[in-house]
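What TrEMBL says about this protein:
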- 12-31: transmembrane segment (TRANSMEM)
- 43-67: transmembrane segment (TRANSMEM)
- 104-230: domain 'Palmitoyltransferase DHHC' (DOMAIN)
- 138-160: transmembrane segment (TRANSMEM)
- 197-223: transmembrane segment (TRANSMEM)
Amino acid sequence: MLVLRLLNVVAPAYFLCISLVTFVLQIFLFIPSMFRDPSTTPLFSPALLHGALFLFLSANALGNYVLVIQSSPEDLGKGLNLGKGTEVVADWLDGSRSPGSALPSTHFCRLCARVTQRHDHHCFFTGNCIGSRNMRNFIMFCLYTSLACLDSLVAGMAYISAALSMSFVNPLAFLTLLPHSISQFFSGALLSSEMFVILMLYLWLGIGLACAGFCCHQMLLILRGQTRYQVRKGMVVRARPWRENLQEVFGKRWLLGLLIPVLNVGSDNRRQKEK
């Protein structure tokens, strides 16, 4: 438990550090290198369009990240008919109260010390549980993080290609880039800044693929009307049309949440809570 609590603090700091490094590299290294002659740069140049795209992806990723953290799970016993907080914790810890006694998929998280309605999992990179209140923001966070990593990967490869006068037309060139770069770095033929960018390329690739795969897996569960917690516990869910499952998470005005980071808009769960 101590290791998990430590991870719950370290993982968000690690993510914010990677985000800051990515932002600095994009703004102060990659994008300026795309300008050949700033005085003759047209209004809609590739460099300006790339900068606008990166800022859009970063703002959505960071905005949804903040909303996932702010949309905390329900407080103990609040609105769930579970009784007072102290009694609930005791019941949940000694096993006398089953997770489904209040609402389906209701779960008490030891790390958050809170009850989550329609619990999916605990995300260490946000330090928060993912449930009915922040599932849509979590999906958007994973989506835009993967896109921002892909954008940074392409920009970084273009920078390294120009700096080292190499081509990435052959797919094996990227796979062999790291071992060749390490040997050149220790021989003094490669600058430390260029070596750092090369290491970041593989980090962006790993984070981007992980977020994209997690987002696709989460979307598949949403279409089936399930959560990871339900699958892990073997809970049977009521079969519903996939459109209703999507609307429950994303709401009717899903396009607004796709373009800008906002809280759940028009979802049935939010309307029931407001009533």
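For all residues, glycine too, the Cβ spot is worked out from N, Cα and C.
What TrEMBL says about a protein is an automatic prediction, not a curated fact.
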### Task
For the transmembrane segment (43-67), name the stretch out of 12-31, 138-160, 197-223 with the most CB-CB pairs under 8 Å.
138-160
### Message
As a quick check of your reading of DSSP, tell me how many residues in the domain 'Palmitoyltransferase DHHC' (104-230) are helical, how many are strand and how many are coil.
### Response
80 helix, 12 strand, 35 coil
### Task
With a Cβ cut-off under 8 Å, give me the same-chain residues at least six positions beyond the ends of the transmembrane segment (12-31) that come close to it.
47, 50-51, 54, 58, 61-62, 65, 124-127, 148-149, 152, 155-156, 158-159, 197, 200, 203-204, 207
### Task
Over the domain 'Palmitoyltransferase DHHC' (104-230), work out the mean pLDDT and round it to an integer.
90
